[in-house]
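**Student:** What follows is a single structure, and I will ask about it in a moment.
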Amino acid sequence: MVSFRTMWSLVVVVVVVAASLGSSGVHGRSVEGSSRMERLLSSGSSSSEPLSFLSQDQSVNKRQVFDQACKGIYDRAIFKKLDRVCEDCYNLYRKPYVATTCRQNCYANSVFRQCLDDLLLIDVVDEYISGVQTVGK
């Protein structure tokens, strides 16, 4: 009988806590960041279709670390580090066009900077920007 009362008390506590969290308006960071990312991606595109940039004559490989369009110094470690930001940003938003847009123009774009912000890498932004300048044009 004691274990039944303990279980019932535990269920009541869980329901009360869940109800108080649901009504307090707690939102995850990705909800806010997702809307910012959507606005950022839609503002740079002339088309309303989010994947319209994939129809260009260049095929995009999500797993490709080295971008042949980058005319700067080839450094595999820097490319992996920059690519990791885009990969983590993709994992945060789960939108394929976030990953591909993040890599455009040798990582020198506003989506890459937004990803640095959303991944809370603000304290090392200069290090990443230096890497972008090294591999960039």
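Numbering starts at 1 and runs along the chain as it is shown here.
Quick reminder: no glycine exception, Cβ is built from N, Cα and C everywhere.
Here the structure is a predicted model, which means the values were calculated and not measured.
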**Student:** According to Swiss-Prot, which residue out of F66, F79 bears the annotation D-phenylalanine?
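**Tutor:** Candidates were F66, F79; Swiss-Prot attaches D-phenylalanine to F66.
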**Student:** For the disulfide involving C70, grab the partner from C106, C115 as Swiss-Prot records it.
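**Tutor:** Answer per the record: C106.
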**Student:** From Q56, Q64, name the one Swiss-Prot lists as pyrrolidone carboxylic acid.
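**Tutor:** When Swiss-Prot is consulted, pyrrolidone carboxylic acid appears for Q64.
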**Student:** Could you check which of these recorded positions, C70, C106, V135, sit within 10 Å of C89 (disulfide bond), going Cα to Cα?
**Tutor:** none
**Student:** Go through the recorded positions C70, C106, V135 and tell me which ones have a CA within 10 A of the CA of C115 (disulfide bond).
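**Tutor:** Qualifying among C70, C106, V135: none.
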**Student:** Least buried of the disulfide-bonded residues C102, C106, C115, going by other Cβ atoms within 10 Å?
**Tutor:** C106
